[in-house]
């Protein structure tokens, strides 16, 4: 009888452990969140804005003279300084032209940022133009004309400091950030 009871217990245990197979777990596939697509007008505006700023940086780097030779005379130094002033005046002037050619910004923050950038680049352009004109009007061997021109060049460069990242000032507006992520002109 002990054997029969043991077999009965084993059968009950086997029956309890071999119940219906558990259902397969439900698989849920989640797609990555998609960014909201940028409004076409906002995208076009941000692309133009970024392209103007990045264009300045790229042109400045392309026109940079790696190791200019020391000028042999005051007249040569004046000429080299005049060329540098002319270069910064032309590059900043191009940015001003491109930024002012943009249509009204579709987001108020963007218009505020554009106006601030136009002011900075206009100040730098005007400072460089004025200094270049004064330097070019000086006598060829007027060493005293170089110091104010060199100071103006330095200040013109400082005028545009903080403007090399066109996206950072737009970060408080999600629609501008979305547009910047999609705009080719915002890829440095």
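Placed from the backbone N, Cα and C atoms, the Cβ positions cover glycine too.
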TrEMBL annotation (region 'Disordered') - matching range among 134-157, 158-181 | 134-157
Secondary structure composition of the region 'Disordered' (134-157) [DSSP: H/G/I, E/B, coil] = 19 helix, 0 strand, 5 coil
